[in-house]
Amino acid sequence: MSIWEYANPKKFIATSTPLVPWVMGLAVAGLVVGLVWGFFFTPDDYRQGSTVKIIYLHVPAALMAINAWFMMLVASLIWLVRRHHVSALAARAAAPIGVVMTLIALLTGAIWGQPMWGTWWAWDPRLTSFLILFLFYLGYIALWEAIDDPDTAADLTSVLCIVGSVFAVLSRYAVRFWNQGLHQGTSVPVATGGRTVDDVFFVPLVICMVAFGLLFVGLVLIRTTTEIRARRMRALEARMRR
Amino acid sequence: MMPELGDYAAEVLSAYAASLLLLVALVGLSLRRSRKVRAQLDAVEARRKDAP
C-alpha cells in the first residue's frame, strides 16, 4: 500500500471520516485536561506571577501557527510535483486554522507582554516575523478566493506558500538568528533537550501542545473533506450547465 | 475553586477568554461549513440523478 492512495479523494474521505471523531475527541480531552491543570493546579511563577498561565495557550498556538505553514508547504510541494488535488485542498484547508493559531499567539503574547515587558507590542524579530506570517496567511487565503480556476489558484498559492516559508522559519529561529529583542529564547529546545521550564509547568504545557496538534489534525481532516466535496459540487454544477 | 490570580487576573482571564472564543469559533464554523457543503453536494447529486 502506498501513501499516494490517499491522494484519491474518495479514499481520503473514506479513511479520514471514521478518524475525525477520535482525533477531535482526544484533542478536546487533552485541551480540557491541559488547560484545567495549567489554570487551576499550577503555581504562580516567582517572576511572572499568574501570567505564567498564559503559556498553556500561547506556546501551543505559536507552535501550531508555524507547523501549520510547514504542513501547507509540504502539501503545496506535493501539488506542484505530483499534481494531487487532495494535497492542494489540504493546504487550503489548513490556512484558516493557521490564521487562528497565529492570532491566538499574537493576542496572548500582547496580553502577556503588557504587564511583563511594559508594552503590548515591540518590533522584536520574533514578534515582527510572526506578524508577517499572519499577513502571509491572510494573503494566501485571499489568493485562493480571488482566482476562479482551482488549478491556477493552487499553483499560485503554492508559490506564495514557498515564499512565506521564509517567515515561518524566521518565526521559529528569529530568537537564535538575532540575539536581540524582548522575546526570550526557546524554553523547550528540541535539539538540545535542555529546557528552562520547571516540571510543574512543563507537564500541562506538553499536554496542551499535543492537544493543539490533535486539534489541528482533526480540523484539517474535516476541512479537507469539505474542500473535496465543494470542488466536486462545483465540477458537477459546471457539467450540468453544459 | 478559582485560583488566586493576583494583580494579573484581567490579563490571564482575557487571554483565556479570547483564545477559547477563537478556538470554539474555528471548530464551530468548520463543522457548520462541512454540514452545509455536504447537504449542497447531496442536493446537486440528487438533481443530477433525476436529470434526463
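Every residue gets a Cβ built from N, Cα and C, even glycine.
No curator has checked TrEMBL annotations; they are predicted automatically.
From a predicted model like this one, the values you see are computed outputs, not experimental measurements.
Taken from TrEMBL as is:
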DOMAIN    A:12-183  domain 'Cytochrome c assembly protein'
TRANSMEM  A:20-42  transmembrane segment
TRANSMEM  A:54-81  transmembrane segment
TRANSMEM  A:93-113  transmembrane segment
TRANSMEM  A:125-144  transmembrane segment
TRANSMEM  A:156-175  transmembrane segment
TRANSMEM  A:201-222  transmembrane segment
Problem - For the transmembrane segment (A:93-113), distant same-chain residues with Cβ under 8 A (at least six beyond the ends) - result: 51, 54, 57-58, 61-62, 64-65, 68-69, 71-72, 75, 119-122, 127, 130-131, 133-134, 137-138, 140-141, 144, 182, 212, 216, 219-220, 223-224, 226-227
Practice task
Rank A:20-42, A:156-175, A:201-222 by Cβ pairs under 8 Å to the transmembrane segment (A:54-81) and hand me the top one.
Solution key: A:201-222
Handout entry: Contacting positions for the transmembrane segment (A:156-175) when only residues 6+ beyond its ends and CB under 8 Å are counted
Key = 62, 65-66, 69-70, 72-73, 76-77, 79-80, 88, 91-92, 125-126, 128-130, 132-133, 136-137, 139-140, 143-144, 147, 181, 183-186
Exercise for the section: Would you mind giving the whole-number mean pLDDT across the domain 'Cytochrome c assembly protein' (A:12-183)? Expected result: 92
